[in-house]
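Enquirer: What follows is a single structure, and I will ask about it in a moment.
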Amino acid sequence: DILAAFRVTPQPGVPPEEAGAAVAAESSTGTWTTVWTDGLTSLDRYKGRCYHIDAVPGEEDQFIAYVAYPLDLFEEGSVTNMLTSIVGNVFGFKALRALRLEDLRIPPAYVKTFQGPPHGIQVERDKLNKYGRPLLGCTIKPKLGLSAKNYGRAVYECLRGGLDFTKDDENVNSQPFMRWRDRFLFCAEAIFKSQAETGEIKGHYLNATAGTCEEMYKRAIFARELGVPIVMHDYLTGGFTANTSLAHYCRDNGLLLHIHXAMHAVIDRQKNHGMHFRVLAKALRMSGGDHIHAGTVVGKLEGERDITLGFVDLLRDDFIEKDRSRGIYFTQDWVSLPGVLXVASGGIHVWHMPALTEIFGDDSVLQFGGGTLGHPWGNAPGAVANRVALEACVQARNEGRDLAVEGNEIIREASKWSPELAAACEVWKEIRFNFKAVDTL
């Protein structure tokens, strides 16, 4: 069975058992009345069952309802169908004040019907020939308004300075100021030029998201013909069907696939209603993507440390034990489905590097947009500062130093022999984003 954990807030006077049973019925075989065609099938075989209810500690009138769905209710290899069944209709139910899907357990038999990520972590490292450290990225800013030529120039400067990747912002598609084909050409030129200068393999996440699947394919095919290593997709606004199609294309044609989660906070930000990001992350691993944005813990965007690390492990690891302290409601066995690199992005800079290296470990992409392009000396020195800070943190960690305790000291030491890093340290020494996380257990 597929198991689901729902956070249920019933209307006043509705017992939790009734609310849990209503959720199970409405998201499987039930409807609002008895119908004569019920007799033509075996409802016992196909109906969802609410098998356990827990009160949520510290919350009045909130319960965790555990529901089991028989596998026969779902089309093989279709995230679209799985989510349509489980969360498609039930969230508008009048008997509920609010409803949130906290977690899913996907059984191995169903996992095996999915291709998953086009390549996965190990294959990506082999393609890039980069091992033993997190990868570095940068979102090109301003996100909108640059011409293709100036955009390509910014890409070149960042890659030349030492970054592994640069990135289209999620809303860069094909607007009047920069059509997609021009952007692809200038970015490809920047990639090959920086590769020739540095001797390292470089990439730029070319956003293939488009208004139709046919147009999306056209952009992905053009990227492959240019010989670039990676494309990008906005998987929630683009849709799971389009994403799975693109992931299959990427595996067949040797392209890596970077996933942006634009619109996720509309779905997952409210604590008592919607769907937790760990469900979106599991759905993405099944649908297919080699990178996905997963919060930073320390930057400008939402994310509590233990919860963030819980779903980061769900993205990367092969087997994850149930651990309610990290928000993991079920043990998940991915039966060798390739892993996804977590991308930390949003309001981070060189002073965050020790914390990011410690929190996310090697299998991650650390993306500094303003933290690269905001350097007072320009884009390339900004990239140099980030690369030096990262290499210093990785070396210190490998020598056995505690990044959580000695992080600032490690950055200060490195800045003595890197003027670019010293300048970056001076610019961002006072920047803080001290807000409490909304998403707590």
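Backbone N, Cα and C define each Cβ position, glycine as well.
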Enquirer: Just to be sure I read the record right: Asn89, Thr139, Lys143, Unk261, Ser345 are listed as binding substrate in Swiss-Prot. Which of His291, His293, His375 is listed for the same site?
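Expert: When Swiss-Prot describes the substrate site, the candidate it includes is His293.
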Enquirer: Suppose we draw a 10 Å sphere around the Cβ of Lys141 (active site, proton acceptor). How many other Cβ atoms does it contain, all chains included?
Expert: 16
Enquirer: So how many other Cβ atoms are close to Ser345 (substrate binding site), meaning within 10 Å of its Cβ?
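Expert: I count 25 other Cβ atoms within 10 Å of it.
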Enquirer: Closest of the binding-site residues to His260 (active site, proton acceptor), Cα to Cα, picking from Thr139, Lys143, Lys167, Glu170?
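Expert: Looking at Cα distances from His260 (active site, proton acceptor), the smallest one goes to Glu170.
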Enquirer: Looking at the binding-site residues Lys143, Lys167, His293, which sits with the largest number of other Cβ atoms within 10 Å of its Cβ?
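Expert: Per the Cβ count, the most surrounded site is Lys167.
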Enquirer: Near Lys167 (Mg(2+) binding site), meaning Cα within 10 Å, which of Thr139, His293, Ser345 (binding-site residues)?
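Expert: Cα within 10 Å of Lys167 (Mg(2+) binding site): Thr139.
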Enquirer: For the substrate site made of Asn89, Thr139, Lys143, Unk261, His293, Ser345, how many Å separate the two farthest Cα atoms?
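Expert: Of all Cα pairs among the recorded substrate binders, the widest measures 36 Å.
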